[in-house]
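S.K.: This is the structure, below, for whatever I ask next.
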Amino acid sequence: MGSSDEAGSSKHHRRDKEKDRERSSSRHHRDRDRERSSSRHHHREDRDDDRDRDRDRERRHREKERDREERKAREREEREKEKERERARRREERDREERSRRREAAAEEEEEDVDRDRKRRRRSSHHHHHHRDAEPEGPASGAREEEVVDVEEAERRRQKKKEEEQKQLDEEMETRRRRIKEWQEMKRREEETKRREQEEAGVGTSAAAAAAPAEAEDGGNAGKKWTLDGEESDEEGNQEDGKKSDDNGGSGAGAMDVDVPNGGDNANGANAMDEDEIDPLDAFMNSMVLPEVAKLESMPAANVDDKNDKSAKDAVTNGDKKGPKKVMGRIIQGEDSDSDYADDEDDEGGSEDEDDEEFMKRVKKTKAEKLAIVDHSKIDYQPFRKNFYIEVKDITKMAAEEVAAYRKQLELKVHGKDVPKPIKTWVQSGLTSKLLDTIKKLGFEKPMSIQAQALPIIMSGRDCIGIAKTGSGKTLAFVLPMLRHVKDQPAVVPGDGPIGLIMAPTRELVVQIHSDIKKFSKALGINCVAIYGGSGVAQQISELKRGAEIVVCTPGRMIDILCTSSGKITNLRRVTFLVMDEADRMFDMGFEPQITRIVQNTRPDRQTVLFSATFPRQVEILARKVLTKPVEIQVGGRSVVNKDITQLVEVRPENERFFRLLELLGEWFDKGKILVFVHSQDKCDSLLKDLFQHGYPCLSLHGGKDQTDRESTLADFKSNVCSLLIATSVAARGLDVKELELVVNYDVPNHYEDYVHRVGRTGRAGRKGFAVTFISEEEERYAPDLVKALELSEQAVPEDLKGLADRFMAKVKQGTEQAHGTGYGGSGFKFNEEEDEARKSAKKAQAREYGYEEDKSDSDSDEEGGVRKAGGDLAAQAIAAAQAAAAMVAAKAASNANQQTQGTSVGPLLPLAIASNTQNNEATARALQAAFNIQQNLARIQAHAVPEHYEAELEINDFPQNARWKITHKETLGPIQEWTGAAITTRGTFFPQGKIVGANERKLYLFIEGPTELSVKKAKAELKRVLEDCANHALNLPGSAQTGKYSVI
């Protein structure tokens, strides 16, 4: 029993202990929670205190900023007030000087009048005594008294006139002061209102930002034309007062009616202006009052009568021309200015003599002509190293038979003297170790055929022409030697031009070559820049200024860069390695002038390399002009399709091609990328739309798209974002797209070389490819090229294609058809003497065809739209027709009467010539009567003719679109018509380049007609200036290159 009690008590004891522990632990937890909550409360209070302190600090900072801004505003106001006081003081001084000058001028005029009266009295007295010596003295004394009275009367008139002029000047100055005070008060109120609004907003920084534009605006307005409310009405009052004073014999205030020039173009008041702004009263004094004082000082003393007054005004007007010449484009002067035309006569002397043909040549100067030719004899070029190739022993030991067999194995053909032997491995090329490591990393195991032969030739410093099939590694064949060549020369510093220059015909090819070079140049520390149109020129210019060893470019944009800033951006003096990729297109007639001009600006001892997959003979003749003893390399045949490409040509009409394309897409869409070629931009977009409707996502690429769209399209196509691309021939050259399995020529290529490059987009770098070409019976003229391509690449020729080509060649032999061109010798004007002569000859032939007889004495400027009298040509034709009719009547009458005529001219002397014949037969009488009738009709026409006016024409059809839009817009034509008084209308029809103008049609031109010859000349000169500005803007600002036909909205 006792043990059970003990056990129970111990159990209770343990339970109590556990309860105590639980209470203590719960108390401990409560204390800890209480401490944690109190600490959180303290932290919260600390954060609130910090936030309050930050707010106080920000508030104090804002108050300091506000005080600082107010202090700055007060200081600015003090400076403004000080400036106003200084201006008022200067104005008072100028007013005093002006009054003193006027008084001196009036006193001098008075003295001269007195001297003139004294001389007149002396002459009259001398004349009186000479003829009437015997007259009594009484009348002579009376005459002297009358003369004294006249002198006193003249002096009173002069004094009255002087007082009126002084009063008018004082009133004018008072009016100006009142307006200036009103303007200053208005400006001060505006500034206070703005400052009050900014203070209410409580943003100090914005107040500082708003004060600066307001101050700049006030300064800008001060330099502009100053007009206040009521200015025009007061000016009209001044004009009436000036007219009244002119009627009274003075010319003091008559010039006040001229409006204030823009910006104060006079030099008299330039020293009195502050550097930051132009005071309106200063501008008025400099442009109005001081010139009037100069006029009064330069005027002759006696200008009492109207005739002398008029001549003096003319002298003053002519004297104003001696200032600095004004150029076209200034603010159009007011209608009341009599010297509007006279101010620019000297400026336009040259432009009037310049005919429209010379103007077109000057304005439409090509890019190649804008790049000046360098005289290499005056430049001291530094020598450089060309030959880096050392033949290894394994290659040296090869016998001639072994070399020939190896070349045959590589399908190589070489032409030239001492051609190096082809290499077998990369190590034998003579490249640096860094280049060899990069080649190994990129996975190039051994050189391809063109590389095996081109590398030793180019590394030896020889010029070469490389002709290899598409996808054969031509880019690497010239990039690797160029990198070795550049690395051997001194480093490029900012301001130097590139050492290596690569030119390509398309922008996409430039981007691709640039990306290939970047793979190697980064390891060597060489900078490479891509220069091409359609993209921002600012970044390209900045990269060139930093220095670039290699430049990859299109010729047009490169010439733009070379011409910009007079050649200060970059130059070609250091170019020692020149490459032209796709050289056959580079030397086509469209590119040849630009290429030639760039080549002429590089040093003569450079190394030049040309590569292409096709190279016709006629283009090779042009290309060899820039080469020195070149070596020609051919891989396979010349202009031959790669044998790894399976070619299929199908004769299909236009309406069956789309369904056949869908069938091909269903078969090849999942195998790889597909490229479809069409012949035009419209066809490209329409086919894109049709494929989208049939569920095929695709991309389009053509020259009408923006450059950014073209780059993103190619990037998406190469990166498998989309595997179907529809393109024009802009994608036919040089583009390397991995896994491109099928090429479809939806429209047949228009020449053989284009076909080779199109199908060469597949089957690259040893891969197999497939190409399908559609041709219809209407396109039979292109069938022989397709047969040639298939035969040269050892492909089977379909029977229907062979029959199509045979039928066309039979028609050619019969003369009913003409074989199409080679696709070379493109368009593009050269603007040289030959084209000028051809144009003139064609124009003369057309004139003869329509029965017009040109005047031998007329110059081209008269023919090409010079100013002429309206109706002058019609009157001349009427007179010529009348004379011809009279001659025919006289000749017929004379032949009927069996009379001999000795002259063919029957002009105004025709009646006298006919009347001199003594035989009064009936035929002679009829001829005489006909001549008289014609002359009477001409006299009647001239009597009822319209008033004489002048007209001219200015052709604008061939100018860029922005220039045509600007020159035909009313915002441009309106001020010119108002200024010159000539009417300008747009006539004719716009004809794109290459479109033939019809017989009864005219190209787009401006027709100018006016009441005077001078007005028409001035209007035409101003129109030419606007066109020239637009043309220069298009050529000299390559960043604004013309966009294509399409744009993405």
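Each residue, glycine too, has its Cβ placed from N, Cα and C.
Not my notes, these are from Swiss-Prot:
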BINDING   Ala468, Lys469, Thr470, Gly471, Ser472, Gly473, Lys474, Thr475  ATP binding site
COILED    1012-1037  coiled coil
COMPBIAS  64-106  compositional bias 'Basic and acidic residues'
COMPBIAS  118-131  compositional bias 'Basic residues'
COMPBIAS  161-170  compositional bias 'Basic and acidic residues'
COMPBIAS  181-199  compositional bias 'Basic and acidic residues'
COMPBIAS  201-214  compositional bias 'Low complexity'
COMPBIAS  229-239  compositional bias 'Acidic residues'
COMPBIAS  262-272  compositional bias 'Low complexity'
COMPBIAS  304-313  compositional bias 'Basic and acidic residues'
COMPBIAS  335-358  compositional bias 'Acidic residues'
COMPBIAS  855-864  compositional bias 'Acidic residues'
DOMAIN    455-633  domain 'Helicase ATP-binding'
DOMAIN    644-805  domain 'Helicase C-terminal'
MOTIF     424-452  motif 'Q motif'
MOTIF     581-584  motif 'DEAD box'
S.K.: Specify the count of other C-beta atoms within 10 Å of the C-beta of Thr475 (ATP binding site).
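M.R.: The answer is 22.
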S.K.: Enter the number of other CB atoms within 10 angstroms of the CB of Ser472 (ATP binding site).
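M.R.: By my count, 25.
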S.K.: In sequence order, what residues of the same chain, 6+ apart, have a Cβ less than 8 Å from the Cβ of Thr470 (ATP binding site)?
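M.R.: Those within reach of Thr470 (ATP binding site), by Cβ under 8 Å and sequence separation of 6 or more, are Ala613, Val641, Asn642, Val756, His757, Val759, Gly760, Arg761, Gly763, Arg764.
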S.K.: Going along the chain, which residues at least six beyond the ends of the motif 'Q motif' (424-452) come within the CB cut-off of under 8 Å?
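M.R.: Same-chain contacts beyond the flanks: 388-390, 392, 394-395, 406, 410-412, 459, 466, 468, 472-474, 476-477, 480, 483-484, 487, 519-520, 523-524, 633, 635, 765.
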S.K.: For the recorded ATP site formed by Ala468, Lys469, Thr470, Gly471, Ser472, Gly473, Lys474, Thr475, name the remaining residues of the chain with Cβ within 8 Å of the site's Cβ center, in chain order.
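M.R.: Other same-chain residues near the ATP site: Met448, Ile450, Ala613, Val635, Arg764.
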S.K.: Average pLDDT across the motif 'DEAD box' (581-584)?
M.R.: 82
S.K.: What's the number of neighbouring CB atoms sitting within 10 A of the CB on Gly471 (ATP binding site)?
M.R.: 22
S.K.: Quick one: what's DSSP say for Gly471 (ATP binding site), helix, strand or coil?
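M.R.: Gly471 (ATP binding site) sits in coil per DSSP, no helix or strand.
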S.K.: What does DSSP give as the helix, strand and coil breakdown of the motif 'DEAD box' (581-584)?
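M.R.: DSSP composition of the motif 'DEAD box' (581-584): 2 helix, 1 strand, 1 coil.
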